[in-house]
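A.B. asks: The UDP-N-acetyl-alpha-D-glucosamine binding site annotation in Swiss-Prot covers D68, E84, N213, R338, H339, R340, and the record cites similarity to another entry as its basis. The dolichyl phosphate binding site annotation in Swiss-Prot covers K145, I200, F201, C202, T203, N204, S205, I206, N207, I208. What Swiss-Prot records for N207, D289 is Mg(2+) binding site. Here Swiss-Prot flags 6-26, 32-52, 87-107, 120-140, 147-167, 181-201, 221-241, 258-278, 297-317, 351-371, 376-396 as transmembrane segment, drawing on sequence analysis.
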Amino acid sequence: MIFDKSLLGFIGICCLPPILLLIYLPNVSLQWIIVQSGFFSFGAGLLTYKLIPSVADLTSQANLTGMDLNKKGDPKFSGKKIPESLGICVAVVYLVCVILFQTFQWFSFPETIQLSEYNAALTSICFMILLGFGDDVLNLRWRYKLILPMFASLPLLVAYAGGTTVVVPDINFPVPLREWLGVVFDLGIFYRIYLLMLAIFCTNSINILAGINGLEVGQSVVIATSIIIHNLIELTIASSVPSSSSFSSSALSSVSPHLFSLILMIPFLFTTISLLFYNWYPSRVFVGDTYTYFSGMCFAVVAILCHFSKTLLLFFIPQILNFLYSVPQLFGIIPCPRHRVPKFNPETGKMEAIPTNLTIINLLLMITGPLTERQLCVYLLIFQGLCSCVGFGIRYHHLHHNPTLIFI
């Protein structure tokens, strides 16, 4: 296989910062656990890469195939059927990897394992994999896609052991919020409702921002990388505390959530990168709703159980903007076609915007003019990465003034 240079560059840029942060992590014990998780994840990535062609043959035999709408009229690709629902391969390998490492962790580092969180995470992820594959096969209606994730999220709310308070912004316009509510305000049951809505948003937002070869998987790689970087930064700060040099109870309380998040996100990143090799332009497989729901729930799981749900939203800035821009169509205010992708011009070989399809994909084309599908995907992923940088700036801009804000 000949790898695209832009793809290799993208993967290299995503992988380099976490590797550097891991090298400089002060706590050797944590470092060793993460490295071991990396070995398991690397094996899962290789297995995914090897299995995808075989699973693609199986989905083709089951008539789970589709046409690439962005290549109509292109003599190289026109009429070619592409295997769909390859997210099922990634999801199954991911689950096997996490379960195997959970077993390994139980025997090697029993003091670091979080069984209730593991079980809740795997239950919710499995539910969404089932829903996604069911959608690929049965073509479920949107109302089911909004309702069923609520039930998938219930194990997360049961296992959630974090607080329900928020820091009130120091804003005096239009009203002095802190004078009315105080510095910290307890939302109670409304915070859990917010977590429920977060899970529904995550599972659907990646599915909404889709339709370009490599986009669904590429944005998941960027978000997963951002989460891993965030976790490593938090572990580095927590490890600078003298008591965190070993696995004391006080040290574990600060590092366990982020260690748990890394154990879930590292195999996700490796298996997703393997899928990206096949889904990059020109795509040889389609990921299906199985992958988009699986990836969205993975992000929701770590954000909720590891207590950084507000930080996760900073990494979802493009998805939030796309949702807000799409609201008139999503809620039926104006007609919403089944596929809101741009149109392909076979004469120029470029994608052109359809202004009535309200997505940031079409909005970008309206700003830049026609682009090739590869260029369009690269620009959108660059935007995703820049938004993550903005998110890190917002998240950590107070760190040099007050290091305790890092744990909010």
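Placed from the backbone N, Cα and C atoms, the Cβ positions cover glycine too.
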A.B. asks: Taking the centroid of the Cβ atoms of K145, I200, F201, C202, T203, N204, S205, I206, N207, I208 (dolichyl phosphate site), which other same-chain residues have Cβ within 8 Å of it?
C.D. replies: P149, T292, Y293, G296, Q319
A.B. asks: Taking K145, R338 as the binding-site residues to compare, which has the smallest set of other Cβ atoms within 10 Å?
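C.D. replies: Minimum Cβ neighbour count within 10 Å, taken over the binding-site residues K145, R338, occurs at R338.
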A.B. asks: Sort the binding-site residues D68, E84, N213, D289, H339 by C-alpha distance from S205 (dolichyl phosphate binding site) and give me just the closest.
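C.D. replies: Comparing Cα positions, the candidate nearest S205 (dolichyl phosphate binding site) turns out to be D289.
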A.B. asks: Going through 32-52, 120-140, 147-167, 297-317 one by one, which has the most CB pairs that fall under 8 Å from the transmembrane segment (221-241)?
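C.D. replies: Per the Cβ under 8 Å count, 297-317.
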A.B. asks: Other than its close neighbours in sequence, what residues sit by the transmembrane segment (297-317), given a CB gap under 8 Å and a spacing of at least six beyond its ends?
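C.D. replies: Residues packing against the transmembrane segment (297-317) from afar: 94, 117, 120-121, 124-125, 127-128, 149, 152-153, 156-157, 159-160, 162-163, 166, 194-195, 198-199, 201-203, 205, 222-224, 226-227, 230-231, 257-258, 260-261, 264-265, 268, 387-388, 390-392, 394-395.
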A.B. asks: Among all chains shown, work out which of the binding-site residues D68, E84, D289 has the most CB atoms within 10 A of its CB.
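C.D. replies: Result for the most crowded candidate: D289.
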A.B. asks: Sort out the residues at least 6 away from either end of the transmembrane segment (120-140), same chain, that have Cβ-Cβ distances under 8 Å to it, and list them.
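C.D. replies: Apart from its flanks, the transmembrane segment (120-140) reaches 64, 84-85, 87-88, 91-92, 95, 98-99, 148-149, 151-153, 155-156, 158-159, 199, 203, 264, 288-294, 296-298, 300-302, 305.
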A.B. asks: Please identify the stretch among 147-167, 181-201, 258-278 with the greatest number of Cβ pairs below 8 Å relative to the transmembrane segment (6-26).
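C.D. replies: Per the Cβ count, the answer is 258-278.
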A.B. asks: For each of the binding-site residues (T203, S205, N207, N213), count the other CB atoms lying within 10 A of its CB, then report the residue with the highest count.
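C.D. replies: Compared across T203, S205, N207, N213, the most Cβ atoms within 10 Å surround T203.
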A.B. asks: Closest of the binding-site residues to N207 (dolichyl phosphate binding site), Cα to Cα, picking from D68, E84, N213, D289?
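C.D. replies: It is D289, whose Cα lies nearest.
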A.B. asks: Given the binding-site residues K145, F201, D289, state which is nearest to N213 (UDP-N-acetyl-alpha-D-glucosamine binding site) when distance is taken between Cα atoms.
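C.D. replies: Closest by Cα distance to N213 (UDP-N-acetyl-alpha-D-glucosamine binding site) among the binding-site residues K145, F201, D289: D289.
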A.B. asks: What does DSSP call E84 (UDP-N-acetyl-alpha-D-glucosamine binding site) in the simple three-state scheme?
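C.D. replies: Note: E84 (UDP-N-acetyl-alpha-D-glucosamine binding site) is coil by DSSP, not helix or strand.
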A.B. asks: If we check Cα distances from D289 (Mg(2+) binding site), which of the binding-site residues F201, T203, R340 wins as closest?
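C.D. replies: With Cα distances computed to D289 (Mg(2+) binding site), the winner among F201, T203, R340 is T203.
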A.B. asks: Do me a favour and check the Cα-Cα span between E84 (UDP-N-acetyl-alpha-D-glucosamine binding site) and T203 (dolichyl phosphate binding site); whole Å is fine.
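C.D. replies: Spelling it out, the Cα of E84 (UDP-N-acetyl-alpha-D-glucosamine binding site) and the Cα of T203 (dolichyl phosphate binding site) are 19 Å apart.
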A.B. asks: What residues, ordered by sequence, lie under 8 A Cβ-to-Cβ from R340 (UDP-N-acetyl-alpha-D-glucosamine binding site) and sit at least six positions away in the same chain?
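C.D. replies: Result: G211, S326, Q329, I354, N357, L358, T359, I361, N362.
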